[in-house]
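Record features, source TrEMBL:
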| type | residues | note |
| --- | --- | --- |
| ACT_SITE | Lys60 | active site, proton acceptor |
| MOD_RES | Lys60 | N6-(pyridoxal phosphate)lysine |
| BINDING | Arg158, Met332 | substrate binding site |
| DOMAIN | 267-392 | domain 'Alanine racemase C-terminal' |
| ACT_SITE | Tyr288 | active site, proton acceptor |
Amino acid sequence: MDRTIIYNLVNSVAIGEKETLKYPIPEVNEIDINLSQFRRNFNIIRNLVKPNVKFMAVLKGDAYGHGLIPIAYELEKCKCDILGVVRLVEAFTLREAGIKMPINLLAPIVPSQAPWVVKYNITPMIDKEEIIDALEKASTEADKIINIHIKINTGLNRYGIQPEEAVDFIRRVHELYSHINIEAIYTHFQDPDFNPKFTKMQIKCFDEVINKLKKENLMPKIAHAAGSTGILMYPESHYDMVRCGIILFGLEHKSGEKNLPEGVKPLITLKGRIMKLGLIKAGEAGGYGDKFIAKKDTPVAIIGLGYADGVTREWKEVLIAGKRVSVINYFMDSMIVDISDLKEAVMEFDEVVIIGSQGAESISWQEACKHIGSYVDEQIQRITERVPRHYFYE
Ligand SMILES: *Cc1c(COP(=O)(O)O)cnc(C)c1O
């Protein structure tokens with residue numbers, strides 16, 4: 001399929017098959033996002049959990065930097081049951097884009113958001129009665145029943161009610177609120193990548209809550225616990241639903257290690273261009289200050305991409321003509337790379353790959369983030385909106 005879709009806020013356009021491109025302004029830099037690969041990742045990961053286990057795709061943080069709406073449109077065509085986001089504005093954006101799938105919020109709301117949650121049919125996470133009060137009021141006014149998911153804290157100590165409170169809390173909700181349906185209880189792991197012992201203890205704790213609720217006839221339809229690591233490493237934590245985030249995008253859940261399923265790959269290529277070729281004479285500076293002073297005559301390329309595009313000052317290498325070259329200085333809108341070792345002929349406006357493959361070489365987010373001491377999911381989200389996203393199918 002030969003189709004390119006551009007989407008970003010500056011160009012304010014073009015999503016999936018549903019809209020046409022209004023302003024396809026050419027840019028110097030771009031992010032290419034391979035939706036065919038996304039589909040392959042989804043199918044591989046979906047098949048790791050039983051067909052009767054529901055699948056929530058977690059799209060918080062602008063779908064881990066991949067673009068909330070285009071990714072959601074793709075998921076509408078996959079065997080995905082639910083979308084998970086964190087902010088009401090993310091859920092609202094999805095509804096405004098015409099997404100009809102169930103949407104869950106994975107973090108608490110404030111009381112003033114309750115009417116909007118009801119209006120847009122969003123399923124909130126709950127860990128306090130004050131919010132249920134607000135939801136009951138809003139859903140009574142709207143004459144609707146609203147689903148909620150109650151979070152149980154089994155050790156992360158972020159959100160959630162305590163395990164020993166669960167039975168009483170859920171009984172109270174049943175008894176006092178007629179417009180609230182507890183669809184699920186869930187928990188979240190504290191360190192599943194590196195602490196299996198504690199994770200197993202969390203699973204045991206959650207199991208005990210489930211058993212107590214069953215005994216009291218209070219168990220909701222669904223229990224869920226697993227994120228990416230749970231999906232891959234703890235099949236016993238799949239329960240009735242999984243919540244899959246980072247690995248859908250072909251990114252490692254466990255920093256510094258490679259253990260993605262066969263065939264699951266990243267979707268993103270971040271590309272810039274050589275805007276100028278030049279020579280820095282021995283003894284002269286390359287860029288501001290004395291960060292780089294040439295020891296010998298040094299042929300360089302100026303890349304039109306800098307930290308205002310989201311590529312930080314610590315960036316180490318980029319690919320030109322399929323070879324790794326070193327970044328020697330940085331600006332807000334550009335960087336200088338040393339091309340003295342490059343045997344290949346290069347020209348101005350040639351493509352430069354910052355993340356992804358070029359020829360036989362490739363630079364992964366994983367590798368780049370190791371150099372800059374950051375996390376992959378954090379770094380991708382730093383790529384700013386002035387870098388247009390080009391979505392394509394192979
Ligand atoms: C972010 C998040 C997930 C997804 O986590 P990944 O490790 O990216 O799969 C699942 N559940 C909750 C509560 C989250 O906040």
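Including glycine, each Cβ sits where the backbone N, Cα and C put it.
Feature map: TrEMBL annotations on the structure.
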{"residue": "Lys60", "record": "active site, proton acceptor", "Cβ within 10 Å": "19"}
{"residue": "Arg158", "record": "substrate binding site", "Cβ within 10 Å": "12"}
{"residue": "Tyr288", "record": "active site, proton acceptor", "Cβ within 10 Å": "10"}
{"residue": "Met332", "record": "substrate binding site", "Cβ within 10 Å": "10"}
Cα-to-Cα gap, Arg158 (substrate binding site) vs Tyr288 (active site, proton acceptor), nearest whole Å: 44
Local confidence of the prediction over the domain 'Alanine racemase C-terminal' (267-392), expressed as mean pLDDT: 93
Between Met332 (substrate binding site) and Tyr288 (active site, proton acceptor): CA-CA distance (Å): 11
DSSP three-state assignment for Lys60 (active site, proton acceptor): helix
Euclidean distance between Cα atoms of Met332 (substrate binding site) and Lys60 (active site, proton acceptor), Å: 27
For the domain 'Alanine racemase C-terminal' (267-392), residues assigned helix / strand / coil by DSSP: 16 helix, 52 strand, 58 coil
